[in-house]
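For reference, the structure discussed in these notes is given below.
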Amino acid sequence: MGIFSIANQHIRFAVKLATAIVLALFVGFHFQLETPRWAVLTAAIVAAGPAFAAGGEPYSGAIRYRGFLRIIGTFIGCIAGLVIIIAMIRAPLLMILVCCIWAGFCTWISSLVRIENSYAWGLAGYTALIIVITIQPEPLLTPQFAVERCSEIVIGIVCAIMADLLFSPRSIKQEVDRELESLLVAQYQLMQLCIKHGDGEVVDKAWGDLVRRTTALQGMRSNLNMESSRWARANRRLKAINTLSLTLITQSCETYLIQNTRPELITDTFREFFDTPVETAQDVHKQLKRLRRVIAWTGERETPVTIYSWVAAATRYQLLKRGVISNTKINATEEEILQGEPEVKVESAERHHAMVNFWRTTLSCILGTLFWLWTGWTSGSGAMVMIAVVTSLAMRLPNPRMVAIDFIYGTLAALPLGLLYFLVIIPNTQQSMLLLCISLAVLGFFLGIEVQKRRLGSMGALASTINIIVLDNPMTFHFSQFLDSALGQIVGCVLAFTVILLVRDKSRDRTGRVLLNQFVSAAVSAMTTNVARRKENHLPALYQQLFLLMNKFPGDLPKFRLALTMIIAHQRLRDAPIPVNEDLSAFHRQMRRTADHVISARSDDKRRRYFGQLLEELEIDQEKLRIWQAPPQVTEPVHRLTGMLHKYQHALTDS
């Protein structure tokens, strides 16, 4: 496909984006808004953002959800801006500095919350800064400006949603159904690999792919939930399927690890059974029916606990899968599965990374303020706004440097494109609303195609071009003002990029160590006799941390294996019949406190000391378990956990 070619699958969204822009433009001028540009810009960003992230037309519900987040972020930012102005209107410099800190604070929060919701906080940060900068000449008009900005943004969002509904957005339901079938086959094939006990790298690749696919399925569930309320039952089932899929991965990998020391546990009966290849979900269904008969014949005692647990989870997966595909009423058996255990939320391991993002945003905004005050440039305020926008949006993504480069390319492309519209097209079409709408529709159509290709600079070019062309009411054509705005955007992006390069993010290793220690803490916390604590479902949170570890350290197999081993230890100890008595309960509470100290330790010396204390306590715990005559289901996992922690002691404690 050529660089300027147009694929058929890209046309519908390009028309949708053009329609959203035209609707916002028409409504803005029809209701005599002072700056219809904000409505048009909002419609373009809300519609194009999900398409750029997806690399194609977004699924149904994505644009609505992004619009909802934008409304929330705008209102939070407007309220914060009003509070800052009311409190500090007599000290303008201090007011701007507080706004810079507010933008940094919002970036800090957006780095810690779910990536889907971080957009609202990033927006809240720079909205307050936009309000404070814009009202500098006339502070008394602050409430009016805040109300107008909110109104224009809501109009833009409504127009984007109307355009999305008008062109029948894609439903993700069929993709979910296909992935459920395919994922079950992949789970069975992973178990086959683990029972064969072949090449470790092949097994590592297989379970790593399954972790990614399960995480992707969870993202599809979020999309389906946004799409329509009629998928509420399917959403409940998919949430339980996420845990079941992770359970299947855990049991398969434990089957592989058990054979490293005790290969005789997997009998020839099961080895021969899992030799039969499967290609479809129907093949897996037949094999599971046969496998349940084999287990009924051999008995639960003669069946390895990992295979028994795997079959139980796969059977539940199958039952819920049928319910998701048909979206029928939830029956009593499904309801029993769905009641399940409450999921546990873990503390973010990226606090240091979030603090780096705070300083990047705050320092870049302060640098923009100093540049504005030092030069006295009329468009210094525009540069400041772009600095806040770039840093607020870039920091929450995995590669902020590339986001900043995208904005630089976009603002550079917007200069000639905006010049064409400012000097030629808009002056010749402003007398006709139809011609004006057609001219902007053409811009939206072609940039909409490039956005779907994820072309570098396409998203920045769309937003920057709309921002600098004259879409005010009434239209005024001052070339110096246009040039200032265009250059202000470029300078702001370059300054933001400079700060991102200078304030380096060296938090990766620290985040990795915190994640690994959180796995250790989870394994230790499973040693409890508290019934409520044992019913807590840690699995989704643990695999979410594992997925983050895989993204932070791609290809680092030793780290992945260590994390997976800790997850397996957690699951095994959680189900182990630990003797119930006050002595063990008190000692396990002490061990959990020590594990928490390992995570929270700020220096290597403290971390080593607490980790050494944890190892000593694990040795004492093994002795106590022998005294209290704990069964092998308890002593063996504790012994394996202690051995793993001794082996990887330096990796878990040293910076």
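Including glycine, each Cβ sits where the backbone N, Cα and C put it.
Over in Swiss-Prot, the protein carries these features:
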TOPO_DOM  1-12  topological domain 'Periplasmic'
TRANSMEM  13-33  transmembrane segment
TOPO_DOM  34-37  topological domain 'Cytoplasmic'
TRANSMEM  38-58  transmembrane segment
TOPO_DOM  59-68  topological domain 'Periplasmic'
TRANSMEM  69-89  transmembrane segment
TRANSMEM  93-113  transmembrane segment
TOPO_DOM  114-120  topological domain 'Periplasmic'
TRANSMEM  121-141  transmembrane segment
TOPO_DOM  142-151  topological domain 'Cytoplasmic'
TRANSMEM  152-172  transmembrane segment
TOPO_DOM  173-369  topological domain 'Periplasmic'
TRANSMEM  370-390  transmembrane segment
TOPO_DOM  391-406  topological domain 'Cytoplasmic'
TRANSMEM  407-427  transmembrane segment
TRANSMEM  431-451  transmembrane segment
TOPO_DOM  452-458  topological domain 'Cytoplasmic'
TRANSMEM  459-479  transmembrane segment
TRANSMEM  482-502  transmembrane segment
TOPO_DOM  503-655  topological domain 'Cytoplasmic'
Subject >> Beyond the flanks of the transmembrane segment (431-451) by at least 6 residues, Cβ under 8 Å >> reply: 6, 10-11, 13-22, 25-26, 29, 40, 44, 48, 51-52, 417, 421, 425, 458-459, 461-462, 465
Original post:
When you check the transmembrane segment (459-479) against the transmembrane segment (38-58), do you get at least 3 Cβ pairs under 8 Å, counting only pairs 6 or more apart in sequence?
Top reply: yes
**OP:** With the transmembrane segment (93-113) as the reference, find which of 13-33, 38-58, 121-141, 482-502 contributes the most Cβ pairs under 8 Å.
**Re:** 121-141
Original post:
Hey, does the transmembrane segment (38-58) touch the transmembrane segment (370-390), meaning at least 3 C-beta pairs closer than 8 angstroms, sequence gap 6 or more?
Top reply: no
Original post:
Counting only residues 6+ away from its ends, which parts of the chain sit with a Cβ under 8 Å from the topological domain 'Cytoplasmic' (452-458)?
Top reply: 10, 13-14, 51-52, 55-57, 405-406, 408-410, 412-413
Original post:
In the same chain, which residue numbers or ranges, 6 or more beyond the ends of the topological domain 'Cytoplasmic' (142-151), come under 8 angstroms Cβ to Cβ?
Top reply: 33-35, 38, 74-75, 78, 81-82, 85, 127, 130-131, 134-135
**OP:** Rank 38-58, 152-172, 407-427, 482-502 by Cβ pairs under 8 Å to the transmembrane segment (69-89) and hand me the top one.
**Re:** 152-172
Original post:
Which stretch, 38-58, 121-141, 482-502, tops the Cβ pairs under 8 Å count with the transmembrane segment (152-172)?
Top reply: 38-58
Subject >> Sequence-remote partners of the transmembrane segment (407-427) [C-beta within less than 8 Å, at least six residues beyond its ends] >> reply: 386, 389-390, 394, 436, 439, 443, 456-465, 467-470, 475, 477, 479, 482, 486, 489-490, 493-494, 496-497
Subject >> Positions on the same chain near the topological domain 'Cytoplasmic' (391-406), where near means CB under 8 A and six or more residues out >> reply: 103, 106-107, 110-111, 115, 118-119, 122-123, 125-126, 357, 360-361, 364-365, 456-457, 459-460, 493, 496-497, 499-501, 505, 551
Original post:
In the topological domain 'Cytoplasmic' (142-151), how many residues does DSSP call helix, how many strand, and how many coil?
Top reply: 10 helix, 0 strand, 0 coil
Subject >> Long-range neighbours of the topological domain 'Cytoplasmic' (34-37), counting only residues six or more past its ends (CB under 8 A) >> reply: 24-25, 27-28, 148, 152, 466-467, 469, 471-473
Original post:
Could you give the number of helix, strand and coil residues in the topological domain 'Cytoplasmic' (34-37) as assigned by DSSP?
Top reply: 2 helix, 0 strand, 2 coil
